[in-house]
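Features as listed in TrEMBL:
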BINDING   60-65, 199-205, 230-234, 299-302, 367  GTP binding site
BINDING   64, 205  Mg(2+) binding site
Ligand SMILES: Nc1nc2c(ncn2[C@@H]2O[C@H](COP(=O)(O)OP(=O)(O)O)[C@@H](O)[C@H]2O)c(=O)[nH]1
Ligand SMILES: [Mg+2]
């Protein structure tokens, strides 16, 4: 596009500077117009080969983590400057986490029955107040060894551990444990975030970001080019989605299946799974997606498989007819299949009869797991290429 604009401006300049007979100018002009037309045709043709993939889902469902993984897998990944740029994000994540826990402990100590277990030790209160104040700043300071030590002390307070176990009602980030276990490293003077740290870092996406890539390996030969869009998931961000809905090859819908006992960040009276259900229904009904494929990522399986033993699925209204069965791995599989079936039913209930033959696949994912994301994307790629061939009448 930019090069085309340059071409137009340059040619306009040449019209002004030279004195030519009119018929020559006309023929020059025609040649230029033809060149521009052919350039537009070339670019349009190239665009037609690009498959548009949209990552949709509620806030914190894992969209940006999948987006980062795709960058790592099929692009050059993160260079040192980009890794370094995550230092302040990770430090801010640490402060926010400890603030949520300390403030949460105070609240529980006031309002909960059996509240004594949430009372932080007297000598940790000063640290807590200080960290809570830092956590509320827009611009938090760099994490030093001294502060990291204080955070560890507070984290190990039994009242904070007790509060952490109630993370579901407090908006404690899923990566809290990871942040706390790595404080020592995060506070080193020459700390450079690792790829793993970047995947765990949480930045609330605003607006839209996109990347273009071609999956490496066998499919490279096929020349498939994907353009993947990542968007903000919170309610106030969703009005921006609609501008992207035209010409979408596939929607990758992320649903965090571990969030069945959690409340929304933007409305703490609303269960996250119920919000995801409504959002998925809304997306399915969009007329722009009548021919788009749907790839449903049932994400955060790693958290789900631990949680189902602790928190029964039927705490969520949508899953209230769930009957636990078996134990250990068997129980996890049973619970997962139940959730998967619920989404499947929702898909068919909300797809008009003429949409039923659009591709619909469900994948079990843990967005932090690079190998799994690679494998999953390979399957997505295969499905989409197959669709392509079917549409072209070749299959
Ligand atoms: N444990 C775990 N954490 C995840 C998973 N997917 C994403 N996260 C974390 O959840 C948080 C929110 O993820 P993000 O990709 O920003 O969600 P988005 O709002 O949908 O873009 C980040 O801290 C991620 O590291 C997952 O499958 N398992
Ligand atoms: Mg995001």
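Numbers here mean position along the shown chain, with the first residue as 1.
The backbone N, Cα and C atoms fix where each Cβ goes, and this holds for glycine too.
Automatic, uncurated: that is what TrEMBL annotation is.
Ranking the binding-site residues 63, 202 by other CB atoms within 10 A of the CB puts 202 at the bottom.
Taking a Cβ cut-off of under 6 Å from any atom of ligand 1, the binding-site residues 64, 232, 299 reduce to 64, 299. The candidate set comprises the binding-site residues 64, 205, 299. Of these, 299 has the most other Cβ atoms within 10 Å. Look at residue 299 (GTP binding site): DSSP puts it in a strand. Cα spacing between residue 205 (GTP binding site) and residue 64 (Mg(2+) binding site): 8 Å, rounded to the nearest whole number.
Among the binding-site residues 60, 64, 199, 202, 299, 302, the ones whose Cβ sits under 6 Å from an atom of ligand 2 are, in sequence order, 64. For the pair residue 302 (GTP binding site) and residue 64 (Mg(2+) binding site), the Cα-Cα distance reads 17 Å. If you take the C-beta of residue 199 (GTP binding site) and look for same-chain residues 6 or more apart in sequence within under 8 angstroms, you find 65, 68, 69, 367, 368. Cα of residue 64 (Mg(2+) binding site) to Cα of residue 232 (GTP binding site): a span of 9 Å. Long-range Cβ contacts of residue 60 (GTP binding site) within its own chain (separation 6+, distance under 8 Å): 174, 202, 233, 256, 259, 265, 272.
Its Cβ placed at the centre, residue 232 (GTP binding site) has 19 other Cβ atoms within 10 Å. Counted within 10 Å of its Cβ, the other Cβ atoms near residue 302 (GTP binding site) come to 16, all protein chains included.
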